[in-house]
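The annotation transmembrane segment is assigned in TrEMBL to B:6-30, B:42-64, B:84-111, B:123-142, B:148-167, B:179-200, B:220-240, B:261-282, B:294-316, B:328-349, B:431-452, B:671-689 (among others). Residues or ranges marked as domain 'NADH-Ubiquinone oxidoreductase (complex I) chain 5 N-terminal' by TrEMBL: B:76-126. Look at TrEMBL and you will find B:142-442 tagged as domain 'NADH:quinone oxidoreductase/Mrp antiporter transmembrane'.
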Amino acid sequence: MTNFPWLTTIILLPIVASLLIPIIPDKDGKTVRWYALIVGLIDFVLIVYAFYSGYDLGNPELQLVESYAWIPDLDLKWSVGADGLSMPLIILTGFITTLAIMAAWPVTLKPKLFYFLMLAMYGGQIAVFAVQDMLLFFLVWELELVPVYLILSIWGGKKRLYAATKFILYTAGGSLFILVAALTMAFYGDTVTFDMSAIAAKDYAFNLQLLLYAGLLIAYGVKLPIFPLHTWLPDAHGEATAPAHMLLAGILLKMGGYALIRMNLGMLPDAHVFFAPILVILGVVNIVYAALTSFAQRNLKRKIAYSSISHMGFVLIGLGSFTNLGLSGALLQMISHGLIGASLFFMVGATYDRTHTLMLDEMGGVGKQMKKIFAMWTSCSLASLALPGMSGFVAELMVFVGFATSDAFNPIFKVVVVLLAAVGVILTPIYLLSMLREIFYGQENKELVEHEVLVDAEPREVFIIASLLVPIIGIGLYPKVATQIYDATVTQLTSMIRSHVPALTATSQAPEVENVAFLKAPDLYE
Amino acid sequence: MEPLLYEYAWLIPVLPLVGATLVGVGLISLNKFTNQLRQLNAAFIITLLGVSMAMSFALLWSQIQGHGSYTSTFEWASAGNFHLTMGYIIDPLTAVMLVIVCTVAFLVMIYTDGYMAHDPGYVRFYSYLSIFSSSMLGLVISPNLVQIYIFWELVGMCSYLLIGFWYDRKAAADACQKAFVVNRVGDFGLLLGMLGLYWATGSFEFEIMGDRLAELVSSGALAGGLAALFGVLVFLGPVAKSAQFPLHVWLPDAMEGPTPISALIHAATMVAAGVFLIARMYPVFEHIPVAMDTIAWTGAFTAFLGASIAITQNDIKKGLAYSTVSQLGYMVMAMGCGAYSAGVFHLMTHAYFKAMLFLCSGSVIHGMEGVVGHDPVLAQDMRLMGGLRKYMPITAFTFLVGNLAICGIPPFAGFWSKDEILGLAFQANPALWVVGWLTAGITAFYMFRMYFLTFEGEFRGTNQTIIAQLKAAAAGVEEEVVLEPAFGPGAMDPHELDHDEDHHHSSEPHESPWTMTLPLLVLAVPSFLLGWLGRPWANSFEALVHAPGETTAEVVEHAAHFSWTEFAIMGGNSVGIALIGITVASLMYLQQKISAGAIAQKIQPLYNLSLNKWYFDEIYDRVFVMGCRRLARQMLEIDYRVVDGAVNFTGLVTVVTGQGLKYFENGRAQFYALIIFAAVLGFVVLSSIG
């Protein structure tokens, strides 16, 4: 079975299945959701099976590789593969999307279109993580935007059109940089190739690397998001429905991080040496700035949206750390936030279904009537504030230790960064716990209790949160469950990047920092 | 048998966790059914903890017999050449802590059955108690700093959940958040210190860290100042957890939680975790004199601060809470003076007598609730108590035992441990001794004030004037902060409607059921006898638990130098001042010879300072809470106006946005998106051909 085209099957199954949706006889919208769920489950099982049977944990290289010529004239190849960077995210995608389909159970507006889009996204997202051809990557990256856009603009809140437009313009605007960078890299040098490994193997001029890096950083910075390119996210999140949220926070943000590692780190290591301090600083800004804005937010969805931005800051610090542990932590933070973010946004949706308001001022004391919702909210918030025993803690600790022990930065820079990032450790519980206090604690809000029916969680909701908490706690108790999937790849990648840091290799090929006056990095070579 | 016992020692924290998990899952999935089982759940959880307790006793016995320390680890996380191990260590310190935690938790759980009998959250409370016990036991068996940090946070979480147990009370809601956030401030320091130490020494193991740090500092590879900074940062963790100045503010508020957890978490075990951490980190701290001095003086000041506030408190639990703050100060001071085993010894004796005092206060509150109803404002106020000894003899007796213990009257437990601390503090720095000695006098005064107010004199619980005064004061305070002016009948007192229902009052309080009094009597035994272990001429406690640097032979030799004259002077001094404190208290509150009100009038500013807890809450509120809120609001404003604006209206995006939005308002959104998509696609195709 090793030659079976696993990844292609996994990507195409939901897409093909989605095309069948229009011909499914379904009057009341109830058949199609079962259909979508079953397809999602089958695909998830396939992912797990492919991982189990065809993936070797000790091998840092691409596995499950397939390559077929698609349009030979364009040198466009359907080439997919998975290494330690892709594999955990592919599994995460299958997991979260299946749960999102289940979270969408109450959707009654145009169910056929909705599930069609969900399944299309399922395949599209996995494709982003699996494809190994630059051009193809760009295509799928763009393709998966369309369903998100439509889901936002049809099933969103009151300002959905504004939010959806902002989302697509930001991301599509960013994508132009990907295209330009991809083409430049493909045509650079003697050979023209779109194959990612071949592109990574090319040796680019340093100045060109810097330009390419900056362009890609903007593109992926929109997606991750990185301050100051983040403002589409609160708008998009503020208007999206729960399932769309789960996908946005759980998977779409991770594409930015994934692409940064795959391309910026993997293909442009010399530029990364230059840009790493900037990444770290942006990471700190993300953490502190977004935590503060989240604290001031009165709208529940936007509050959680800002908390996502804050958590992504740790990814950036990990990426810039030049250590195995830091990079490992960054990847784990992506996985962990995928799970925690999805669970928090699901809870926001579940709460909104009952209170019909997102404003904290209009809630209060609802814990008395919704005990299970209260318990689940508390668990998810504790996970998000990096309580030990849950995945977020391990990820943040790894990033902290990785960065603190990094030999690439001078001690003062490290002290300042660690100190400021640790301020986030104090700010996170402040905004999350005061949010809990305002929703659930204290006297019941009479206005709310009189006008809304506050029913406690139904089994479906308990099941979804339980499914998310199992891996969150599992990774928290024994992180090797997750880290060993990518350990080999990350180790290889780190040693490759470290070989480009002059101070660490003691070779004298110092990059020509003076030539680029517009960006001056803090002292990296102590 | 013995190797097997050590091999399976990990079961000690795991068993309560299993109990908590099973009951918790039951609560979530079969809520009604699980709640109906009530005492069956409690019995299940108590049994599991009982097994852990038996194992702990067996381990302690084996350690007393001289079994070497035992460590077992496994690899927990790794990345490249970084390996982090977890596991457990059993040494005398661990064994002693295990026994303390297990016994107190076990007795508190039995007590809970009586105290929480009518609470709808009975089962939930047991599962929280169980998960706390599990985390606390995990903390004390941790072999390295990271694992301590993990459980450190977990006990903090349990404390959060338990303080906020009655979540419909506003005060509880505020208190639990405050507790968590203040503790996070401490954890922030602990995390930074931990990272710093790891960066310098490359290890999270206590001994290795200590040795390497000493080496680095002495060889000059690491600046002494930096080492001191790391030490002080790590110490921030204990400062928060053990409620030391300036992060002590959360502990008195934490009394909003049900009384059993005040006894277990906020008196006996979790707050002592800070002292335990200092003990574990002793190999590191002992090489950093600056850190040691900081620890000693923080402890001494906190001891005084807590006692000075406790004098004027009228809420029985608040008074005990400040007394806990003060006693923790003693322990921390001991650690800072290098009195390692004295500090741990006081931790142990304090755990028992303070747990008992808190449980007594719970019993008193339980009795009072029968008279004044379920209102913490009334049931916990000592101005409404008095003469309870007649109605609750067992509670009064055990409270008195605890009182004598905490005041340091020989031969009660507290005398030996406190006297040892004071003696060693005198050797380290006489100034520290003076602070500790004065505090001992204040302690005796306020503890007996509490005893006389509660148990002696006439019962005042039916005095309607006082009740009305207290209600008005409480309503006034709350109205200021929270309640918007209400309209309609009964609007002046927002609690009026809530309390109308529980007027099933009797005119006299009653003694608590046996499930509550039994634990009190059991705890009275160690409160009385335990000190004997630490008698200075044959200190068997120190022979068991001593600083990692010392050997048992050294300890024994040290004990041989015991001098009766020295002991008599030191002991006489501390007993003397305690007796003075007790006498003054009895003159003021028992015989009413001196009017407390008149004195308060004379020293009005000092009285107000103490009554208002040195204004810490007000200052912190003004500076940190308000400051943080303002900063956050400004940031959000910036985000809206500057960042969003700037990115929206610059560059390529601006042009498209302006045009695009017009289209979208016409409702042709999907169409437009497809155009963009097609354009991009076309661009791709064209460029790749070209």
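Using N, Cα and C of the backbone, Cβ positions are placed for all residues, glycine too.
Remember, TrEMBL labels are computer predictions, not curated facts.
Predicted, not measured: the structure shown is a model, and the values here were computed from it.
Proximity of the transmembrane segment (B:220-240) to the transmembrane segment (B:294-316) is established through 3 or more Cβ-Cβ distances under 8 Å for residue pairs spaced 6 or more apart.
Relative to the transmembrane segment (B:42-64), the listed stretch B:6-30 leads the set B:6-30, B:123-142, B:148-167, B:179-200 in CB pairs under 8 A.
The average pLDDT for the domain 'NADH-Ubiquinone oxidoreductase (complex I) chain 5 N-terminal' (B:76-126) in the predicted structure is 87. Beyond the ends of the transmembrane segment (B:84-111), by six or more residues, the same chain brings 6, 9-10, 12, 42, 45-46, 49-50, 52-53, 56-57, 59-60, 62-63, 69-78, 126, 129, 132-133, 136-137, 140-144, 146-147, 204, 260-261, 263-264, 268-269, 276, 279-280, 344, 347-348, 351-352, 355, 359, 362, 515-516, 518-520, 522-523, 544-545 to within a C-beta distance below 8 angstroms of the stretch. Residue counts for the domain 'NADH-Ubiquinone oxidoreductase (complex I) chain 5 N-terminal' (B:76-126) under DSSP, split into helix (H, G, I), strand (E, B) and coil, are 29 helix, 13 strand, 9 coil.
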